[in-house]
Amino acid sequence: MSNPIYLALDLPRLDAAVALAQKVKGHVGGLKLGLEFFCAHGHHGVHEVAKVGLPIFLDLKLHDIPNTVAGAMQSIHVLEPAIVTIHAGGGRAMMEDAKAAAGEHTKVVAVTVLTSLDDADMSTMGVGGSAYDQAIRLADLAQEAGLDGIVCSGHEVGAIHKRWKNGFFVVPGLRPAEGKLGDQKRAVTPRAARDAGASVLVIGRPISRAEDPVAAARAIEATL
């Protein structure tokens with residue numbers, strides 16, 4: 001992948017999302033559309049953003065019984081996304097069925113532990129061990145289920161890459177060295193994540209909320 005940056009288009013207005021994508025398309029490798037975008041704009045919105053000409057990452061984080069998730073995967077097949085997310089916490093059978101229902105050219109990756117969660121959150125959720133430990137466990141399960149890869153923070157990607165040499169690793173929650181953390185609790189810089197083995201770097205607010213999004217995207221690209 002020549003440019004691993006996927007811009008998170010988490011904007012409420014479709015026209016604004018398309019305009020931003022057009023502005024920065026020369027400095028990113030793909031576009032990530034999350035649950036908020038998909039619920040607001042549906043298939044039509046995805047088709048409109050796809051006209052920009054970059055790969056589409058549908059970050060829907062599907063999590064339900066195996067049959068329901070498989071049905072959802074079949075429903076979005078027509079959109080031809082490059083990447084789709086499901087939750088590893090849905091279990092092995094759910095992950096296997098999701099992969100079987102996905103399009104031939106769609107990578108199915110499992111979310112391990114959200115980057116907004118830390119060790120204290122693991123404890124309150126009744127999960128034994130740290131966020132790092134849980135991410136490793138769920139990554140192993142995703143590999144056993146035959147998925148293409150996982151979503152994890154930059155803190156875990158290096159260790160998981162060593163256990164899964166040919167895995168596809170998506171790392172969100174990235175912030176430039178001078179950036180604000182916001183609601184991210186386990187953030188690293190884009191360069192650190194890339195050096196640790198990340199395949200895709202998901203970056204949203206540091207670009208989308210910058211005074212000059214093109215300059216921000218170019219600056220991050222230059223660090224890689």
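Placed from the backbone N, Cα and C atoms, the Cβ positions cover glycine too.
For reference, Swiss-Prot has these:
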- Asp10, Lys32, 59-68, Thr115, Arg175, Gln184, 204-205: substrate binding site (BINDING)
- Lys61: active site, proton donor (ACT_SITE)
Under 8 Å by Cβ from His63 (substrate binding site), same chain, sequence gap 6 or more: Val69, Ile86, His87, Gly89, Gly90, Met94
Around the Cβ of Asp10 (substrate binding site), the count of other Cβ atoms that are within 10 Å: 17
Count of other CB atoms lying within 10 Å of the CB belonging to Lys61 (active site, proton donor): 17
Sparsest-packed among the binding-site residues, when each Cβ's other Cβ atoms within 10 Å are tallied, from Leu60, Pro66, Thr115: Pro66
List of residues, in chain order, with Cβ under 8 A from that of Gly204 (substrate binding site) and at least 6 apart: Leu7, Ala8, Leu9, Asp10, Lys32
